[in-house]
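Worksheet: the structure to be examined is printed underneath.
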Ligand code: IDP
């Protein structure tokens, strides 16, 4: 079944020049790009995107980070695209959870600066794609 998922190359990934690396891994996996956009995120969109983390201690820091510079938003599609990208990304903590061979496992050291976002369920993907790509 073909799915669509929202992927973000977060500001750390853009600043470190890893956009091409991430897109290359998405394409090599066999997934397709349905939309790609470089943008600087307004506070309101960042808050809505991470609404589920509102009560967490790191929420303020997370918003500051995600709005700190340009990021690349992608709509990615293919069979089981949601799980497939989560597999490419690796676990949230890039040292304790992400394994070598994953984007986070290969390129990141800190949980906050873990380079990429990928929707975690069909419900999140639908909600997030509407938020980021309302015209898709
Ligand atoms: P995910 O991005 O792997 O789905 P979530 O738990 O949804 O992980 O967390 C969203 C983002 O918030 C993470 O990717 C990371 O950037 C940040 N984050 C999560 N936990 C922490 C933490 O304990 N400290 C700082 N930032 C965190």
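Every residue gets a Cβ built from N, Cα and C, even glycine.
DSSP assigns residue 117 (active site, pros-phosphohistidine intermediate) to a strand. For residue 117 (active site, pros-phosphohistidine intermediate), the same-chain residues that are 6 or more apart in sequence and have a Cβ closer than 8 Å to its Cβ are 6, 7, 8, 10. Here TrEMBL flags 117 as active site, pros-phosphohistidine intermediate.
The ATP binding site annotation in TrEMBL covers 10, 58, 86, 92, 104, 114. Shown in sequence order, 98, 104, 111, 114 are the residues of the chain, 6+ apart in sequence, with a C-beta less than 8 angstroms from the C-beta of residue 92 (ATP binding site).
Each residue of the domain 'Nucleoside diphosphate kinase-like' (2-136) gets a DSSP state, and the totals for helix, strand and coil are 59 helix, 30 strand, 46 coil. Feature annotation from TrEMBL assigns domain 'Nucleoside diphosphate kinase-like' to 2-136.
Within its own chain, residue 86 (ATP binding site) has 118, 120 as residues 6 or more apart in sequence whose C-beta sits under 8 angstroms from its own. Over the domain 'Nucleoside diphosphate kinase-like' (2-136) the predicted model carries a mean pLDDT of 98.
Sequence-distant contacts of residue 58 (ATP binding site), defined as residues of its own chain at least six apart whose C-beta falls under 8 angstroms from its C-beta, comprise 112.
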